[in-house]
Amino acid sequence: MMNPDGGDGDRLEAAGAGSSSAQQGHPTMEWRFAQVFGERAAGEDVQEVDIISAIEFDKSGDHLATGDRGGRVVLFERTDARDNASRREMERQDAPITRHPEFRYKSEFQSHEPEFDYLKSLEIEEKINKIRWCQTANNSLSLLSTNDKTIKYWKVQEKKVKQVSVMNLDSRSVGTGTSSSASTSSSRGLLPNGGCSDKSSFLNSDILFPPGGYPSLRLPVVVASQDVNLVARCRRVYAHAHDYHINSISTNSDGETYISADDLRINLWNLEINNQSFNIVDVKPPNMEDLTEVITCAEFHPTHCNTLAYSSSKGSIRLIDLRQSALCDNHSKIFEEHEAPGSRSFFTEIIASISDIKFSRDGRYILSRDYMTLKLWDLNMDSGPVSTFQVHEHLRPKLCDLYENDSIFDKFECCLSGDGLHVATGSYGNLFRVFGCTPGSTEATTLEASRNPMRRQIVNPTRPTRTLTSLARGVRRGGENQGVDANGNSFDFSTKLLHLAWHPTENSIACAAANSLYMYYARRCLRKFIVFGSLLEAACLHMQPEIWCRMLSSIPPLGPKEAVDAHKMAFVAVTASLLIL
C-alpha cells in the first residue's frame, strides 16, 4: 500500500502552497472549504483561553470534540444525512458527490479549572492537552480529557426537560404586585378557603381570587416535555498519578482500559477505578543526570489490546507487548532512522524529537511527526521508514532563529485518512500539508486554514515552466521563496497550525487556527482529466500511433460514464492536434 522508496520527499516539498501533483493513474485530492466555527474578524484580538488545544473525532465520525486553553470542551455533531449508496461504487462510475460532512454546535462544558499545587508551589493551568472518545452505550457520549495533571471521564447525555403543570393558580391571574399590596390584602377579611368575607370579587395587584375562593387545593404535577437538554457529568477523576506533565492519553480497544503518559512514565488505568493505576513503562534513571531521552507520545494499537507504542525525544518509536511482563522495560520492536555520517549538528537531536504518533486504522503502519518531517513506518519492517515527507524544508536554514524564539520546540500533530492513502500535518502560517501514500504517488497539497485555502497561491502567483500535460492536469507550482508571505515578509511563527484530525471514514479534515475551527473536504479528481492529459499530450506529438498506444495503455480501466467523457475529450485532442499541425 505504501511507497517503499522513501515517498519522494524532495519532490513533495517542491509543490507549493495550494498545489498538488500526482503521477498518471494516481488520482489527486481536490480540497474545498466546508465550514468554520469561531472565525475571528480582521484585527480582532484572540484571547489566550479561547485558543484550541485539542481536536478529536469519535470512531463513527458523527461527533467532534475540541478542547481549549481555558479548560472547556466543545462538542459538535454531524447533521447531514448519509448516502445509502456505496461511495466506492459512485466513485467508480464518476458520479458527482456533492455531499460533505456538515457539523453543528452541540454542547460545551467546563472540564478543568486552574489549580495550585501547594506542595510543589506549582500552578496547574486548565489547558486541555488531549481528548479521547470512549466506547458509548445507551445513546450517551463518553470521553476522556486531561490537563497537565488530572484526567477526567465525562459522560454526556440527553435529558428531557421537566416542567411543572396543573398549577393551583392560573398563570393569567398572577399580577405584578409588591409586598405592600400583599400586606394590604392581609388586612382585609378573608375566609379560610381564600374567599372574601363580602362574597365579592377581590382584586389586588398580586392575585385575582374568584368569588368564594378556590374549592380545593391541587398539587403541582411534574411532566416531561419534548425539549431536550445535553447534560455533561463527570463520572471519574484520575489524579495524583503523574509527577510530570501528562502529554498523552489513549483508550484501549477492549473498552475498559486506557493509558496516560508523562515525560518519564506510562500508567495503565481501568475506566471504572480512579484510585489505582499500574506503572507499565518507567524510563527514569536512578540518577537524573543520566537521563538522555523522555517520552513524548504514547498510543494504543487500534485492534490489539495488548500492544502499544510510544515515542521519544531521540526520534525512536518503541513497540511493547503488555503480555511480556508487568513492567515493560524491554520493547518488542524499536523503529528509528540512523543519521547519515557527518550530518550531525547542534539541532539534530532537537528536530529529531517526535511530537506525535498515530496508528493507521488497520494497525499495520505508524505515522510519526518530528519537527521537519512526517515518517511512515511499517510494523513489519523496523529497519527504517517506508516513506518520508518533507513538511517545511525551507525552514532548515532558519533553525537558529527558530531556536532563539523557542519555535523549534513546537509540537505538531499528524493524522492519517481512514483508508490509509493520505497523511496530513500542520506547519507555520496556518498552513497544513496533505501527502499521498500510494506507491509511486508524488501527491502533495498545501492548504491554508481560511475560507479560501488557496489564497496564498492566488496572492503570490508564479510562472514556472509548464507542459501541456501538466496544464491539462491542473498541476500548479507554488512560490520558490516559500519562507516569506505574499508581502515578502517572513512567516509569523506565532500563526501555526498544531492540531488537526482526519474524519475516520471520509476525506474530511478538521484543523485549528488559534480560536477558529476550520473544516475541509476533498473529492478525488476524476480520472477523465488524466485521460484528457494523455490524449492532449499524444496530440502534441503529432498523433504518432506508437505514442497513442503507450499513453492509452497507462490509463486505468474506465467506467461507463468515463468512456463517454473520453470520447468527448478525444475529439478535443484531435482538434488541438489539427491546430498544432
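Yeah, the Cβs are placed from backbone N, Cα and C, and that goes for glycine too.
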Ranges in play 1-27, 136-162, 460-486, with Swiss-Prot marking region 'Disordered' at 1-27
Secondary structure split (DSSP) over the repeat 'WD 6' (492-530) reads 4 helix, 19 strand, 16 coil
Restricting attention to the repeat 'WD 3' (241-279), give the mean pLDDT.
96
